[in-house]
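Comments concern the structure below.
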There are 2 protein chains.
Amino acid sequence: MKRQKLLVIKIGGNIIENQDALDSFLKDFSKIKGPKILVHGGGKSATQLASKLGVKTEMVGGRRITSSENLDIVVMTYAGLLNKKIVSGLQKYKCNALGLTGADANVIVAEKRPVQFVDYGYVGDVNSVNSKVIKGFLDLEITPIFCAVTHDADGQLFNTNADTIASEIASAMSKAYEVSLLYCFELKGVLEDINDKESVIEHIDLEKYKVLQKAEVIADGMLPKLQNCFEALQKNVSKVYIANAEFIKDKNTKCTTLTL
Amino acid sequence: MKRQKLLVIKIGGNIIENQDALDSFLKDFSKIKGPKILVHGGGKSATQLASKLGVKTEMVGGRRITSSENLDIVVMTYAGLLNKKIVSGLQKYKCNALGLTGADANVIVAEKRPVQFVDYGYVGDVNSVNSKVIKGFLDLEITPIFCAVTHDADGQLFNTNADTIASEIASAMSKAYEVSLLYCFELKGVLEDINDKESVIEHIDLEKYKVLQKAEVIADGMLPKLQNCFEALQKNVSKVYIANAEFIKDKNTKCTTLTL
């Protein structure tokens, strides 16, 4: 039986934290036909709120050390301000959006990241995604909008990386759908030369990934992103793209396609 | 055909803003059998956050004048912090809670309160409740948890009174269910004598309501609450109670029952 197609898109700060860019993205997103899921971060807004409240923000390897106070700020910003801005913005374009954390309808269960060298505090690693409940929403023609908050099913909320959430959702949904996963960010894709924004590597497979890693073309923030991509592919996601939001409007826009 | 029973409960600050009281309430709430809906406010937390952020809070007749900045604070507090605390707290007790604003799945559409003597800013009056979508969630054995935020279906979020949301949801759901509406607050019910907490008026009908109003027994904050109750009864809600949270645990606890 041919599986139905499902598109999972993750957007980051460059879109969320610019009102015009966000509105333009939501308009394009609403026009995508068929079932779709949106995942968003919002770290910059959380850091801004923390600063206004005089709460210290500490990052290690791009990840937020999440104290109890930081968690409240993350939940207020991601699940409150940003998620509801996106949901109401999509309703304007007749896309029937439903905002979710992992706690809502128990869709994503996580556990506290084990303390090795660093104690990240209330940061959760995903254990399971309830694909049945998410499919239930999609079957009602509802578009789930996930923010980067999960829970442990025992009363504790967690801050969880949005790229990882997108990858885990895409993987879990692959049981029932033919899933494409699209990471939208500020560039057009993975660059051969970081100083040349047009030097997009159009195709990366596992072998090329290792070569690029060794050559140190891929480094810093791009490493965990690519890791999420290949994990998703290994868990039966059909296609993964790293692209600019323009790609949603025009499929001919240059981007990076990833395959195993 | 006999309609299925549905319980709509509204809780206020006395429960939400005390961690122990909240946990105890959520435990009791999770044990209620059959379909149920929870509606919560959280004004005190919003005022506290506003104060920390140096944003002025202005109230007129118990209602918050909601500037754009205040709206962000309301959304962060109600839809973020408090709603997710409640949802994750219920998941702990195996109640499959789903947090909602009116924008999520387009469940409650409101319009800006018309400016007469006071411009309340981004305060919305409820126009319609999508009972079909809510029933869809209940049929999936999901328990909707509403915070006091609605939208205009055109991209604008609104701050909306939680008592009113509870009343409007109860009324809308009465098409498909036999609905009981319970307002939980700090006292055991409407008091005959404000200085005697045991002087609960056990039954108020429309006639008695008018008598009490004239005698000025009911005044201030209790007036709009009772108005919401009678509006719900007039719109086919079966039973309305004003009670303390203890009432959920023990149905023999004294409370005020309202009928037409």
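For all residues, glycine too, the Cβ spot is worked out from N, Cα and C.
Features of the protein shown, as given by TrEMBL:
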- A:5-244: domain 'Aspartate/glutamate/uridylate kinase' (DOMAIN)
- A:Lys10: site 'Transition state stabilizer' (SITE)
- A:Gly42, A:Gly43, A:Arg64, A:Asn159: substrate binding site (BINDING)
- A:Lys225: site 'Transition state stabilizer' (SITE)
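When the recorded positions A:Lys10, A:Arg64, A:Lys225 are compared by the number of other C-beta atoms lying within 10 angstroms of their own C-beta, A:Lys225 comes out lowest. Note: A:Asn159 (substrate binding site) has non-local neighbours A:Arg64, A:Thr66, A:Asn70, A:Leu71, A:Val74, A:Tyr122, A:Val123, A:Gly124, A:Ala148, A:Val149, i.e. same-chain residues 6+ apart with C-beta under 8 A of its own C-beta. When the binding-site residues A:Gly42, A:Gly43 are compared by the number of other C-beta atoms lying within 10 angstroms of their own C-beta, A:Gly43 comes out lowest.
Using the Cβ center of A:Gly42, A:Gly43, A:Arg64, A:Asn159 for substrate, the list of other same-chain residues with Cβ within 8 Å runs, in sequence order, A:Gly41, A:Ala46, A:Thr47, A:Thr66, A:Val74, A:Thr77, A:Tyr78, A:Ala148. A straight line from the CA of A:Lys225 (site 'Transition state stabilizer') to the CA of A:Gly43 (substrate binding site) spans 16 Å. A strand conformation is recorded for A:Arg64 (substrate binding site) in the three-state DSSP classification. Mean pLDDT of the predicted structure over the domain 'Aspartate/glutamate/uridylate kinase' (A:5-244): 95. For the binding site of substrate, formed by A:Gly42, A:Gly43, A:Arg64, A:Asn159 according to the record, the largest Cα to Cα distance is 12 Å, rounded to a whole number. Secondary structure at A:Lys225 (site 'Transition state stabilizer'), as computed by DSSP, is helix. Calculated from their C-alpha atoms, the gap between A:Lys10 (site 'Transition state stabilizer') and A:Gly42 (substrate binding site) amounts to 11 Å.
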